[in-house]
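One structure is given here, and the rest of the page talks about it.
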């Protein structure tokens with residue numbers, strides 16, 4: 001059956017006709033509103049992970065809350081915002097995982113593998129944190145509070161008092177050496193096994209279940225936090241925190257600058273590759289500019305609110321600065337304030353839910369890579385990664401906080417800064433700043449301000465400069481104390497090996513005749529780089545070719561030639577109309593689209609008709625579209 005189409009001036013108009021009958025006046029439906037809400041909850045949930053809820057307060061206690069938060073906010077705006085935009089844009093354009101996106105620069109494919117490794121390694125030792133909160137959640141719920149195993153009562157002039165503090169309680173129970181209390185390690189091993197094998201069920205259908213689960217968990221955390229602040233917060237305690245405003249001496253040291261920089265990369269999930277994977281799935285219909293801005297603003301507000309909350313709940317006592325500082329704060333403050341066990345249960349439960357969100361976000365890029373690599377068998381490989389993760393987490397736990405602290409303070413920060421710096425250098429200097437600008441303009445449909453280009457050029461300088469300053473001071477301090485930084489040496493060796501091996505693999509896969517040509521080709525985008533959707537890829541390649549051959553002064557890109565309009569209209573086609581379009585009038589629609597562009601006298605594409613070449617699609621004569629005159 002022939003399909004009659006109206007020769008509109010653009011393809012956008014032709015497709016939009018199929019959606020008008022079933023959308024509201026402004027193009028919104030109940031389903032689209034629900035999807036928008038889920039997407040924004042996923043963005044907010046990034047600020048509710050353990051990186052913000054427990055790691056950020058721990059680092060703030062070390063250097064002073066207010067000075068640290070000021071520097072943290074600075075790094076989020078200067079480094080976090082442009083890097084977030086870059087990752088979301090490249091993920092949305094290519095719809096690839098953190099490794100596949102490096103088809104843009106194959107020689108740097110190792111950066112993608114390092115991001116996946118960083119994400120998995122972070123999950124390994126933070127599962128230990130989640131397991132500890134789960135253990136205390138269960139033990140407090142089924143017994144008395146404080147715990148009987150954490151009680152040493154002594155007679156004092158004021159009566160009987162418990163002399164065991166929260167730090168000693170953790171070290172004598174679930175963090176105790178295996179040789180002294182093997183039963184606690186056995187219990188923790190069971191909890192770790194359950195977390196590694198049953199929490200990832202949330203990702204059984206990857207992004208289809210990710211958005212719903214993350215939205216629900218985020219709502220739970222916000223609700224518990226509001227309840228705790230209403231009933232437990234002490235505003236007078238906050239005056240102690242703001243007194244740190246007078247102590248700005250740490251700003252002269254590199255440690256606070258490097259720590260806040262790393263915290264910004266961890267809080268925004270820049271280091272894990274989640275934003276790249278989510279860019280092509282969770283945020284595939286979103287404007288990357290507004291999504292980036294919302295993500296950064298959510299992290300800024302959440303960072304300040306998390307620290308204010310823990311300060312107001314924790315009281316005026318001395319803050320623990322170890323890896324489990326927030327768990328210690330919850331237990332110790334509940335004992336000092338003689339609170340009912342309901343309140344530590346809510347606090348540990350909030351940390352537990354935050355840990356679940358962290359696990360899901362950290363494992364998502366790992367599972368996305370497995371799914372693209374192994375197809376339908378990815379769940380079997382996911383089970384294998386869970387088994388390995390269980391063994392590694394138990395091994396980390398067997399050494400108490402020592403290994404977890406090394407990973408959190410040295411290994412992961414170095415990996416995060418290195419991958420971020422090389423990523424920006426790869427896309428700006430090797431892939432090309434002009435190509436990157438055209439790609440983002442293709443995604444957004446508007447001209448990219450020069451502000452973003454300036455931030456991309458300065459970000460690698462800031463990353464390398466601050467990291468070098470920190471490393472120099474760290475090495476001097478270690479040598480003066482006679483210490484060796486073998487974990488730091490190990491991570492640098494691992495980075496070098498992975499980058500060299502992956503670069504060699506990329507060069508070997510190039511289809512050239514000599515080594516020099518292969519290496520040169522590995523620095524250029526592969527043929528598989530770019531949008532996967534055929535219509536979007538067609539327009540994207542046309543615009544890239546035009547950008548190379550013509551110099552235009554247009555301030556905007558026409559709406560029908562941007563990725564968002566193409567994908568949005570394609571997904572909103574009626575099923576019957578879409579089938580008829582592809583079976584009967586697919587080619588004639590492209591001819592209308594091309595002819596109107598080329599025949600327009602004011603069009604810059606008028607003299608390059610070869611760009612819009614058409615190809616005959618063989619069809620059965622009975623189903624072939626019948627050309628019709630222009631009908632309006």
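Cβ from N, Cα, C; glycine included.
Among the ranges 410-438, 526-554, 555-583, the one that TrEMBL lists as transmembrane segment is 410-438. The stretch that TrEMBL tags with transmembrane segment, taken from the ranges 35-56, 145-166, 255-276, is 255-276. Other Cβ atoms within 10 Å of the Cβ of residue 358 (Na(+) binding site) number 28 in total over all chains. Against the transmembrane segment (65-86), the recorded stretches 184-206, 213-235, 410-438, 484-508 differ in Cβ pairs under 8 Å, and the greatest number is found for 410-438. The Na(+) site, placed at the center of the C-beta atoms of 52, 267, 358, has further neighbours from the same chain whose C-beta lies within 8 angstroms: 46, 47, 48, 49, 50, 51, 53, 55, 56, 266, 269, 299, 354. Listed as Cβ neighbours of the transmembrane segment (484-508) (distance under 8 Å, sequence separation of 6 or more from its ends, same chain) are residues 106-111, 113-114, 117, 406, 410-411, 414-415, 418, 474-475, 478, 515, 518-519, 522.
Tertiary neighbourhood of the transmembrane segment (410-438): same-chain residues 79, 82-83, 86-87, 90, 102, 104-105, 107-108, 111, 114-115, 117-118, 121-122, 258-259, 261-262, 265-266, 270-271, 448, 453, 456-457, 459-460, 463-464, 467, 485, 487-488, 490-492, 495, 523, 525, 543-544, 547, selected by CB-CB distance under 8 Å and a gap of 6+ residues from either end.
Pairs of Cβ atoms less than 8 Å apart link the transmembrane segment (117-139) most often to 342-366, out of 213-235, 255-276, 288-309, 342-366, 450-472.
Sequence-distant neighbours of residue 267 (Na(+) binding site) (same chain, 6+ apart, CB under 8 A from its CB) are 46, 47, 49, 51, 52, 56, 76, 80, 299, 303.
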